[in-house]
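Engineer: Let me give you the structure first, and then I'll get to my questions.
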Amino acid sequence: MKKLFIETLGCAMNVRDSEHMIAELNQKEPYELTQNVEEADLIIINTCSVREKPVAKLFSEIGVFNKYKKPGAKIGVAGCTASHLGKDIIKRAPSVDFVIGARNVSKITEVVDKKHAVEIDTDYDESTYAFGEYRTNPFKAMVNISIGCDKSCTFCIVPATRGDEISIPSDLLVQEITKAVATGAKEVMLLGQNVNNYGRRFGATEEKIDFTGLLQKISKIEGLERIRFTSPHPLHMDDAFIQEFASNPKICKQIHVPLQSGSTSLLKVMKRGYTKENFLGRCEKIRMLCPEATISTDIIVGFPGETEADFEDTMDVLEKVRFEQLFSFKYSPRPHTEAAEFEEQIDNKIAGERLTRLQTRHTEILDEIMDAQLGKVHEVYFDELKSNGRVSGRSDDGKLVFVEGSEELLGKIVDVRIIKTSRGALDGVLV
């Protein structure tokens with residue numbers, strides 16, 4: 001049996017794309033997954049291009065893999081960097097055998113045997129394609145509810161790499177989730193660039209349904225106990241959506257609300273479509289209707305033209321919302337984006353200092369949040385067995401929890417009392 005090594009860089013959608021490629025390849029011929037690149041017959045790097053760092057890592061990895069691969073092994077590059085660099089990847093790294101874009105993963109079996117094949121059509125519609133079945137974790141499933149993005153944020157390369165947004169028909173989603181539940185999954189993660197923009201456009205159907213309606217429809221699936229989703233867009237967080245999030249017992253009380261900046265003037269330049277006040281209002285509504293919810297966010301510092309006053313607006317939102325989780329980065333100019341051409345680029349040292357201030361303050365907030373968990377009881381869904389005699393899972397609000405236990409806990413939702421806290425996880429005992 002041939003062996004497959006696949007390295008996934010970037011977001012949850014890339015993880016799901018990797019699962020899709022594994023499933024498609026195995027429908028053509030059996031592959032055994034390996035963590036050892038030296039024994040692999042096929043090596044795939046599934047790439048991210050949101051920032052420059054993972055792009056640079058790609059070419060470093062290609063060099064390493066080419067050095068250690070066995071004779072005859074193939075190297076393929078997939079994902080967002082594949083979409084935006086295309087054949088230039090092969091020009092820069094001739095050892096690469098094929099390139100397949102983020103919108104074309106269903107074609108993996110077509111390109112794998114074609115020397116220097118390049119498939120990067122960002123208009124290709126995979127919304128009704130019946131992918132094979134494969135899950136990295138048997139106890140939970142990730143499901144794409146849409147592909148692409150219809151926004152034009154001036155800092156973001158994703159629309160150029162994943163194409164315009166198309167929603168996947170709800171009946172197909174119900175079928176996919178029902179199959180996952182039948183094979184052991186009690187939790188589903190719904191994926192999309194802007195999940196709550198679901199239903200704006202379908203490729204092959206005239207269906208009329210929005211994200212709130214989709215959540216209600218999926219909630220009726222028997223045996224499905226938990227629903228998560230990422231990422232919603234603040235612009236589409238209407239009252240009906242927030243009410244559904246707060247009141248539906250199957251929806252986990254964890255929500256990602258990408259801020260990017262707390263400055264209304266910068267948000268306008270970013271083309272985000274909301275103001276600081278709009279954002280705070282939506283978070284306040286979530287906290288009011290669902291006090292137990294955890295809110296996470298994305299923040300970019302050093303965006304072109306960012307003043308100290310702009311940055312202080314971001315810090316003010318951090319203080320007011322007290323995000324439980326923060327994904328924060330220095331602005332990274334990306335090709336095919338408006339912001340890369342802006343004149344007022346911020347000095348890297350200033351951006352770095354602001355990032356440190358932001359992360360330091362968030363760390364203080366996070367310590368307070370996690371310390372307050374001591375003695376509390378959480379419902380934890382256990383899905384991973386560790387090598388040290390411990391089992392890990394997630395609470396309803398998304399916190400990572402460890403307990404002493406065995407594989408008998410896997411796939412079960414159990415009450416756990418927290419006995420130890422740390423910044424990244426909680427330790428508990430079964431109640």
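Keep in mind that glycine also has a Cβ here, set from the backbone N, Cα and C atoms.
Pulled from Swiss-Prot, these are the listed features:
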type	residues	note
BINDING	Cys11, Cys48, Cys80	[4Fe-4S] cluster 1 binding site
BINDING	Cys149, Cys153, Cys156	[4Fe-4S] cluster 2 binding site
DOMAIN	2-117	domain 'MTTase N-terminal'
DOMAIN	135-368	domain 'Radical SAM core'
DOMAIN	371-431	domain 'TRAM'
Engineer: Note the Cβ centroid of Cys11, Cys48, Cys80, the recorded [4Fe-4S] cluster 1 site, then list each other residue of that chain whose Cβ lies within 8 Å of it, in sequence.
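Structural biologist: What remains near the Cβ centre is Leu9, Gly10, Met13, Asn14, Thr47, Ser49, Val50, Pro54, Gly79, Thr81, Ala102, Val158, Thr161.
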Engineer: How long is the line from the C-alpha of Cys149 ([4Fe-4S] cluster 2 binding site) to the C-alpha of Cys48 ([4Fe-4S] cluster 1 binding site), rounded to the nearest angstrom?
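Structural biologist: Cys149 ([4Fe-4S] cluster 2 binding site) to Cys48 ([4Fe-4S] cluster 1 binding site), Cα-Cα distance: 15 Å.
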Engineer: Rounded to the nearest angstrom, how far is the Cα of Cys11 ([4Fe-4S] cluster 1 binding site) from the Cα of Cys156 ([4Fe-4S] cluster 2 binding site)?
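Structural biologist: Checking the Cα atoms of Cys156 ([4Fe-4S] cluster 2 binding site) and Cys11 ([4Fe-4S] cluster 1 binding site) gives a distance of 14 Å.
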Engineer: What is the separation, in Å, between the Cα atoms of Cys153 ([4Fe-4S] cluster 2 binding site) and Cys80 ([4Fe-4S] cluster 1 binding site)?
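Structural biologist: Spelling it out, the Cα of Cys153 ([4Fe-4S] cluster 2 binding site) and the Cα of Cys80 ([4Fe-4S] cluster 1 binding site) are 16 Å apart.
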Engineer: Can you break down the domain 'MTTase N-terminal' (2-117) into helix, strand and coil residue counts using DSSP?
Structural biologist: 56 helix, 27 strand, 33 coil
Engineer: Going by a 10 angstroms cut-off between Cβ atoms, which of the binding-site residues Cys11, Cys153 has the sparsest surroundings?
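Structural biologist: Ranked by other Cβ atoms within 10 Å, the binding-site residues Cys11, Cys153 bottom out at Cys11.
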Engineer: Provide the number of Cβ atoms within 10 Å of the Cβ of Cys149 ([4Fe-4S] cluster 2 binding site), excluding the reference atom itself.
Structural biologist: 21
Engineer: Taking the centroid of the Cβ atoms of Cys149, Cys153, Cys156 as the [4Fe-4S] cluster 2 site, which other residues of that chain lie with their Cβ within 8 Å of it, listed in sequence order?
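Structural biologist: Output for this site, in sequence order: Lys151, Ser152, Phe155, Ile157, Val158, Pro159, Gln193.
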Engineer: At a 10 Å cut-off from the C-beta of Cys80 ([4Fe-4S] cluster 1 binding site), count the other C-beta atoms across all protein chains.
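Structural biologist: There are 28 of them.
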Engineer: Around the Cβ of Cys156 ([4Fe-4S] cluster 2 binding site), how many other Cβ atoms lie within 10 Å? Please give the count over every shown protein chain.
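Structural biologist: There are 22 such Cβ atoms around Cys156 ([4Fe-4S] cluster 2 binding site).
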